[in-house]
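Have a look at the structure below, then the notes.
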């Protein structure tokens, strides 16, 4: 992130996506002289906020390396005979590896189909005026309001009729309905920031509409595509409601449906849950750090230009 | 028509896959859901016909005498009068939940964004640390907070005990239970608001602040008269989206409070889900809930848009 902060404001303005994404050097406001007291206050507030942000993550990580007997004690201890036993049990004695693999497959397919569909639709919405365009845009926004409650039963019955209940395909399809409208909206905002002159120049060189999309615009939109990839991945990775409703045998569960099995109402096994939580978060966090720079830029570019 | 097709065919071809998916998997189910809300469909009467194998392997099917029937507005009447389910309790919970979460998301997000928009040491570190909760999948965050608030082994009650206070039975009372869920969701949602508003702050023209300073405006006046109006386009979008998302937020309530005590902390979405998939599956009741939730959100979104339009916003 720091690498981007030297970008001059003019260049930033030409590329709104970067504007939002980077912490560019703040303008000189001549009120940077802050009293010592204000400075201490600022840092104190931020330290408290950072503590609140990090504490739950740190606590779960610390707990995951405590033996079960230590977790079930009422005194607080940061470390207590650290061990990787919980991870070993989780990976060898439970169905966790299956859930993890299922989640990877579901998330990968959701990502691939989601990108393909929202990129083409987003491009058409960005570049062409065609009958039905406005209606479509509103439809995409409207689908954001659909509660899972109204769609889940009809989609469940459709899947049951197709014999897809308890399969990964049913989840991929259901997640696409969640992710595609939002990603289309987001990518359209991103395509809008790529100058049309490029399309026109390519068109003069004899490229057809699909050629322009494939050879010119898509390569330029790589950061936008990265955000879409992240969003579709995380939608599938973190979804729970459909996963619990559709998946029925333990080995077919995804992480969202599986992990809750460790913490039934009575005698929860927090030692397994915390270890699982760490393993579930790790891939998401890695993907997140590659995409976060662009994430909100994509959101606001799409949102404010509607 | 022919000409229109020649001119637009590639645009239509590009949106077609998305339109098909949306049509088949969002609008067809939506229509079915609305229709289901006027029936008494549940787990036991969902088959239209009953098929029995006869000798020789053939199958005969006859209409199910107990198939789901059209019941008009009965579901709506039952729900709204409280004859079935706890709509109004869940409605109040949903309102408290949404207003509290969005207010804290926005307030804390704005405060942190304003701070991070200044130049000072370790800014990069604070920024990354404060965004981190965003990377945690929501159900994992829910479990983490449930663990932290756990009545016997949780760190919060442990801390209370350590300083000599009585531990709190968080999940035995409606409001303390809802409080834990709100804390979890606020923790999860602040980074998004913070980053979005930080982006908005950086797009405000710095000259405005200098001019205001020369005119002798105090920092509070600058905040109210420059920062807040400058953030309008971003904040109106994120508040609308944030409200809708929070209203429909499923995993936090589902895993943190689990409705405890005795369903008193369900919000509408989790209530509908439990109606559909727990106990005797009452699909029509869930569908009716869905229609009601969607109507509330559509009304909210259109009122919100009209309010913005009146203030000259073009969203």
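Cβ atoms here come from the backbone N, Cα and C positions, even for glycine.
What TrEMBL says about a protein is an automatic prediction, not a curated fact.
Quick look at what TrEMBL annotates:
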type: DOMAIN; residues: A:100-291; note: domain 'ABC transmembrane type-1'
type: TRANSMEM; residues: A:36-62; note: transmembrane segment
type: TRANSMEM; residues: A:98-124; note: transmembrane segment
type: TRANSMEM; residues: A:136-157; note: transmembrane segment
type: TRANSMEM; residues: A:169-187; note: transmembrane segment
type: TRANSMEM; residues: A:225-245; note: transmembrane segment
type: TRANSMEM; residues: A:272-291; note: transmembrane segment
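When the stretches A:36-62, A:136-157, A:169-187, A:225-245, A:272-291 are ranked by Cβ pairs under 8 Å to the transmembrane segment (A:98-124), first place goes to A:169-187.
Contact between the transmembrane segment (A:225-245) and the transmembrane segment (A:36-62) is not supported, since fewer than 3 Cβ pairs fall under 8 Å when only residues 6 or more apart in sequence are counted. Here the listed stretches are A:36-62, A:136-157, A:272-291, and the one with the most C-beta pairs under 8 angstroms to the transmembrane segment (A:169-187) is A:136-157.
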